[in-house]
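**Q** Just passing along the structure, written as structure tokens.
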Amino acid sequence: MKHIRNFSIIAHIDHGKSTLSDRLIQECGGLSDREMAAQVLDSMDLERERGITIKAQSVTLDYKAKDGETYQLNFIDTPGHVDFSYEVSRSLAACEGALLVVDAGQGVEAQTLANCYTALDMDLDVVPVLNKIDLPQADPERVAEEIEDIVGIEAADAVRCSAKTGLGISDVLETIVAQIPPPEGDPEAPLQALIIDSWFDSYLGVVSLVRIKHGVLKKGDKFKVMSTGQTHTADRVGIFTPKQTDTAQLSTGEVGFVIAGIKEIHGAPVGDTLTLAKNGADKPLPGFKKVKPQVYAGVFPISTDDYENFRDALNKLSLNDASLFFEPETSSALGFGFRIGYLGLLHMEIIQERLEREYNLDLITTAPTVVYEVVTTKGETIYVDNPSDLPPMNNIEEMREPIVETNILVPKEYLGNVITLCIEKRGVQTNMVYHGNQVAITYDMPMAEVVMDFFDRLKSTSRGYASLEYNFKRFEAADMVRLDVLINGDRVDALAMILHKANVRYQGLALVNKMKELIPRQMFDIAIQAAVGSQIIARSSVKALRKDVTAKCYGGDVSRKKKLLQKQKEGKKRMKQVGNVEVPQEAFLAVLKINE
């Protein structure tokens, strides 16, 4: 056991986590040169296209150290985006240490800090690594100072390496062996294994990635899942060397997979504990805290026949993605679908793309909303995540919106732009500290403003240098109203949104003008109105197509023309009473893109 090292790789987006893991695999001979590909561990097509890591992946390598001993390294490559931070905290729960990778050119960024604090909260040993030292703009001395100054961990003798060229990789491995402690645990005790991750394989059933805390799990053992009490037989156990490799047993301190032919999808939830069916452990391991979704959106299949497939797809995805929350929803405009809770807008995009790709579905998404706390006049407190569930305005005593604490790290020269942006987003500054060339600013900001497009705008005002991480702080009373869209006097429930009173006129106008371009012209006028309660605040109309009925009149009496025009007018009026307007899919997406 003293030859096992479990660690995660944490870093900000694009500081080279996945490339570093490639080099570690190559150095330890996990894969032959022929099988090696860039970013081996980003196995999803989507991850490769976007160049980001979405799922944490685990690998077991054997490393022969300079002291002549062979060490087993279990490491987990984690995502860097703030939307996937729960993936990071899950991976850290399975480790004794973490490699904090920092780009020697960019320096410390917000996500570096957030992930590092998560690791320190869990009492892990954090080993700083300066990556990309082959770049001409790399300045390892300055960055090492920054790490000590901002993060507060010893970094004078931080390992320097370049994952791209492979320089200094052996030093990284030696440091891991020297500085990260071996796992603690009792091989003789009853089995306790923590499920770090599970996914559904259509041939094997549920595959679970586990970390053995105490005891041993052998192939063929009968084990039970502690939350459900169901027993299963371990058909196969093994490790990833990135390839799936079967072994006879997983012993204390190891990280590996278990396949037990579990067919029902929620048979082995993430964060659960496995123990042996006979004389097992009495109490489960502390799991992970449940992450609460921050953003909700309605998602509907375009053809109603897909509803069943859509439900199965969501079930399979939620096994793999523990933070996904969904419940059925119906809309008069879009039919049957689900209300899905996400961790942020990137998460929302990724989930929608995965559903469309991996399960061949065509989906429409409504505008995302955050959760509001509403106090009714009867004194009840309710939580609303769907604009159509909002009680009428005269029954609401007060509405409170979620406020998040955002920590932004930005180079001095872009500070002005960033502050202007934060004020525009109704932010209140609570703190500001200078660290060398960087400034750390803290704002309290409405979550609704942060999740919409704050991240993209922050990146563009600071040329990509500013970085951000945020967490929920409290609910605060605010002047929020519901904006409804009426088409020919009918409310379209899927287009409603909850906005701040100050923005509502501007947003309403922008929305009706955008809709006007997207709704196809009919044979009658279509009135598009934006309303707050019973008050109409903006209107635009899609003009009718009309036939030139007087073209055939040549000369003659004017009353003849009048008669034809009058007849056309009556026809249009009749059509307007019976005609209904199809709202095209682009119009629903217009709500998301008002601000552009």
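One-based numbering along the chain as shown.
Backbone N, Cα and C atoms are what each Cβ position is placed from, and that goes for glycine too.
What you see is a predicted model, and the numbers here were worked out from it, not measured in a lab.
Relevant sequence annotations retrieved from Swiss-Prot are reproduced here:
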type	residues	note
DOMAIN	2-184	domain 'tr-type G'
BINDING	D14, H15, G16, K17, S18, T19, N131, K132, I133, D134	GTP binding site
**Q** What kind of secondary structure is S18 (GTP binding site) part of, going by DSSP in three states?
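**A** For S18 (GTP binding site) - judged by DSSP and reduced to three states - the answer is helix.
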**Q** Within 10 angstroms of the C-beta of D14 (GTP binding site), what count of other C-beta atoms is obtained when all protein chains are considered?
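**A** Result for D14 (GTP binding site): 16 neighbouring Cβ atoms inside 10 Å.
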**Q** Using CB atoms and a 10 A radius, I'd like the single residue among the binding-site residues S18, N131 with the highest neighbour count.
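**A** That would be N131, with the highest Cβ count within 10 Å.
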**Q** Taking the Cβ of G16 (GTP binding site) as centre, how many other Cβ atoms lie within 10 Å?
**A** 24
